[in-house]
Amino acid sequence: MSKVLVLKSSILGGYSQSALLVDHLIGKWEDQGATITVRDLAGKDVLPMVDGEIASGLRGGDDLTARQQEMLDLSNALVEELKANDTIVITAPMYNFNIPTQLKNWIDFVARAGVTFTYTENGPKGLVEGKRAVLITTRGGAHKDGPTDHIVPFLKTFLGFIGITDVEVVYGEALNMGPEANQKGISEAKQSLDALTV
């Protein structure tokens, strides 16, 4: 039975189009018998922004403050959750040409030298191997494969850095460019999601 971790990151709650799409995928994969864990990074599972104190604490040590220890424990739990799943589904709506802050916070908690990646004589090596990722990215305009799409290259770089190179991308494009464009973008995204197997 496949285990799936879903990361929601939209700040729009019930109005979120990325949530609409990922919920479509969740329903489909649950019907196929997948065990799905949902982490709502902009809702009930919001994470703190990593500051200097937290960043220092994530390196570990024997003299951590209570806050640093709490954040290290949280990071360890997030990494364990990541490694325990076979597929990671990431929703990434475009906000001002970038990913939501809430998703970046998760990345900062799991990107740890010696834990999810390491440095070798031949360069960095990812330690989260044998996983698959699905990126669901929604945007109001049309940015796919263009110079304004920084989201997909960034997320592919991050995932590859920690060892996840099997990455599929589903685009919801031009969703704020009128009702017809929205309907077309959602329909095409759902078709792409329907083609994915768990």
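Every residue, even glycine, has its Cβ placed from backbone N, Cα and C.
Residues annotated as FMN binding site in Swiss-Prot, with sequence analysis given as evidence: Ser10, Ser16, Gln17, Ser18, Met94, Tyr95, Asn96, Phe97, Thr138, Arg139, Gly140, Gly141.
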Same chain only, sequence gap of 6 or more: which residues have a CB within under 8 Å of the CB of Gln17 (FMN binding site)? Ser10, Pro93, Thr138, Gly172, Leu175, Ile186
Least Cβ-crowded entry, counting other Cβ within 10 Å, from the binding-site residues listed as Ser10, Asn96, Thr138: Asn96
Packing count at Gly140 (FMN binding site) (other Cβ atoms within 10 Å of its Cβ): 18
List every residue in the same chain as Met94 (FMN binding site), at least 6 positions away in sequence, whose Cβ is under 8 Å from its Cβ. Thr137, Thr138, Arg139, Gly140, His143, Asp149, Ile151
